[in-house]
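Below: one structure, written as structure tokens.
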Amino acid sequence: MFYQDDKLQYEVKCGKPDPRFAVLLQQAIGGVEGEIRVAMQYMFQAFGAQGPKKYRDMLMETAAEELGHIEMLAHAVALNLKGAPTKLTDEMAAKDGAVAAALGGMSPRQYLSTGLHALPQDSQGTPFDASHVYASGNIAADMLANVVAESTGRALACRLHHAANCSDMKDMLKYLIARDTMHQNQWLAAWEELGGVKQHPIPDTFPMDEEMREVSYKFLGFKKDGGPPPRGRWSEGESIDGKGEFSSEVWEPRGQTPDLGMAPPAAYAQTSQTEASAKSVAKGVKKAVKNAVTPDPKKKSRASKKKTT
């Protein structure tokens, strides 16, 4: 269950409202690097968590924190939209024919759909759709996915901090950047506690002798000119999980040329693609070959009559 408090998790003020910055903040709400994404990701990882209870508890605590970050950012968007233009003047329309530009750089929907408030969308106006919410059921894999989420989220917060012209907005973002620092370390600590690199590859429950060991630790090169693959820690020496030796190889195709044959009639492809067409062509070829080997006696008779006349 969830509880709520009237107060924000951290103070949010805005001494210099900027409708354009409100649009940028939307990325931190509904973007792929944003707070809705991580809140849903941690929550659904917790919903499916099996094993030691402490991992589920940790995920739920942080999911609740991220919900609070959404609230903070939504309030920040609303504060930045105070005083934003709500009428299209002739001067603005002449300056730029686009409605978005006429609204001073803000998203038209922030006025039309919400009356100057935040939306569950990114900075381009794309609604949040959960396509980047990862909850695999493998807790080690999820911890690594969470590190990536917090890393890209922190990069976004740093860019927003750089773009902000308001010291109040910078202060809020300093808090969010610091929390991303903690969360990166938190997920790495949990991953390490789960065995870290020693428990790789993930999942560690699949027998390694069942996979094709020949290519388990081989870096493959695919340059058209057959040049050597780039060398690095990934191409020589002991593998990171300690279960193999890195190597590299220029890879040559070992598979077949894909051929799906002709389409069945129910596929409703073009006539030239269907099995019926193929059968018709094959029948015609077969008949032509037969006539070449054993000429049709009727045609032969007609040809001889023409010759005598």
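Glycine too: its Cβ is placed from the backbone N, Cα and C atoms.
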Further Mn(2+) 1 ligand in TrEMBL, beside E35, H69, H183, within candidate set E150, E210, E211, E214:
E150
Per DSSP, to which secondary structure element type does D57 (Ca(2+) binding site) belong, with helix, strand and coil as the options?
helix
Looking at the binding-site residues D57, E66, E150, which one has the fewest other Cβ atoms within 10 Å of its own Cβ?
D57
Using the alpha carbons only, what distance in Å do you get between H183 (Mn(2+) 1 binding site) and D57 (Ca(2+) binding site) once rounded?
15
Tell me whether E35 (Mn(2+) 1 binding site) sits in a helix, a strand or coil according to DSSP.
helix
Near D57 (Ca(2+) binding site), which of the binding-site residues E66, H69, E150 can be found within 10 Å, Cα to Cα?
none
With a radius of 8 angstroms around the mean position of the C-beta atoms of E35, H69, E150, H183, what other residues of the same chain does the Mn(2+) 1 site pick up?
V38, A39, T62, E65, E66, A149, G153, L176, R179, D180
Might you list, by sequence position, any residue in that chain lying six or more from H69 (Mn(2+) 1 binding site) with a Cβ less than 8 Å away from its Cβ?
Q9, E35, A39, L176, R179
